[in-house]
Amino acid sequence: MPKLLTNMQSQDPSISYVGCLTQMYFFMVFGNMENFLLMVMAYDRYVAICFPLHYSSIMSPKLCVCVVAMSWVFNVLYSMLHTLLLARLSFCEDNMIPQFFCDISALLKLACPDIFINELMVFILGGPVIVIPFSLIIVSYVQIVYSILKV
């Protein structure tokens, strides 16, 4: 948001390479963290509705801290992997992205060397990072609906 406000005032819609990598890192960390926390919240609701008498023993404070810490560590490492893979690339053209928002695809389009490893990591790791939390959220809510209809 600060970069957007700066660009609106200066009429220069570009971002530096370092700024782009920083923005992309934090965007991935917080965006993926949201997905994982939604997954944890869905599991919490599943346990609360389907196993109400065992809720306090299943969802102990130790488990909650462990799950949140694991989500944070995984997302930091995942985002750092993509950022470091992009940082090793060299670029044929100017290192200025002609927009205020930086994304992996924008940087990969500017890269000169072979980007096969980067694309492979996007597909191999990017898919599960989105699909697994989404699938577990859907499964937990299906189980909740099934449990309610069974009553």
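In case you wondered, yes, glycine gets a Cβ from its N, Cα and C as well.
The following features are taken from TrEMBL:
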{"type": "DOMAIN", "residues": "1-151", "note": "domain 'G-protein coupled receptors family 1 profile'"}
{"type": "TRANSMEM", "residues": "24-43", "note": "transmembrane segment"}
{"type": "TRANSMEM", "residues": "63-81", "note": "transmembrane segment"}
{"type": "TRANSMEM", "residues": "120-149", "note": "transmembrane segment"}
| said: Counting only residues 6 or more past its boundaries, what in the same chain has a CB within less than 8 Å of a CB in the transmembrane segment (63-81)? | reply: 25-26, 28-29, 32-33, 36-37, 40, 121, 125, 129
| Intrachain neighbours beyond the transmembrane segment (24-43), with Cβ under 8 angstroms and 6 or more residues off its ends | 64, 67-68, 71-72, 74-76, 78-80, 82-83, 86, 102-104, 107, 129-130, 132-134, 136-137, 140-141
| Given the model, what does the mean pLDDT over the domain 'G-protein coupled receptors family 1 profile' (1-151) come out as? | 86
